[in-house]
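Novice: According to TrEMBL:
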- 86-333: domain 'Deacetylase sirtuin-type' (DOMAIN)
- 191: active site, proton acceptor (ACT_SITE)
- 199, 202, 229, 232: Zn(2+) binding site (BINDING)
């Protein structure tokens, strides 16, 4: 027994010694990296003989630090916003106009960049949501109900009306495509709509469009809004697909419409998206087809995207500026957003009397005399299929933790 106890003590002592040695080694490596890093920051002419000797002695450390700096530089370049000059922008838009006119089945993919003109933050821009979170800064919550469709939203709606655009696939949850007047059958809101809550207890799924942001109480993996279905009494849930989640609603996500549109598309126009999320959806890029038979890709974005090398044309400009020039080239008039014609009022379902105090978000106000339709509970419904997605800062930190663990 004494021998076993001695062996156990010896084993623990060895483990502790090994752990201590590892800690000391890591600390030694950190000191070396700091020393070499300080020397590398100096201009070569200002380095002393001793410092030059340090670099020669620790070549592997020098190489590793140089590689790290190169990676940082590449990342910094990718995050920079680049603007084409006026002449270059006009020339590129003319090429885009030709492609739009000649396209038999044009599909538009939209991201947060088309809504920044409505004071809605994007994600990966210099002041974007992800950018701020990566820097450890907090993001203030804002009521997006105050936003109205931008010039780009109205241009897209008009191009669809003119049959130049067949379908729109959006990552945005702000509901501005619907509010612009774009028909819902021509729209796939892959990550949900902040104005829509649904009853999944009903079959088919029952939809309630509201005049306020229904996500006040919801978050990652917690989708209950606190209100109940007027028909079956089941709890209503939002339609948002957060970062790291897999959505299961047919509408407003409409993945079938998005996949079918991508399959038949001959031209894809990406507006205001980094494509870092959309690139993961293989069905949107026809990657199963030979490269020569895939849709021609046109991208409008200020920053680098992972699809740039595959694009026929990359335009560095703000979406509103590009779309304004495009409509001029196409000789198509840009409609002005009119709240009196906003479809959200005719789609909306009024709250029950006992639900009026169920939220504190600002309500989209109708104009004087404008009617707000309140359809019966059986007038609209949707069924279910599987999808993926992500929205705003919720779920971001969890995704970061998983990545670090995997690394």
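Keep in mind that glycine also has a Cβ here, set from the backbone N, Cα and C atoms.
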Novice: Just name the most isolated of the binding-site residues 199, 202, 229, 232, going by other Cβ atoms within 10 Å of its Cβ.
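Specialist: 232, out of the binding-site residues 199, 202, 229, 232, has the fewest neighbouring Cβ atoms within 10 Å.
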Novice: Using C-alpha atoms only, work out the spacing between the residue listed as 'active site, proton acceptor' and residue 202 (Zn(2+) binding site) and round it to an integer in Å.
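Specialist: The separation of the Cα atoms works out to 22 Å.
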Novice: Express the predicted model's confidence over the domain 'Deacetylase sirtuin-type' (86-333) as a mean pLDDT, rounded to an integer.
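Specialist: Mean pLDDT across the domain 'Deacetylase sirtuin-type' (86-333) comes out at 88.
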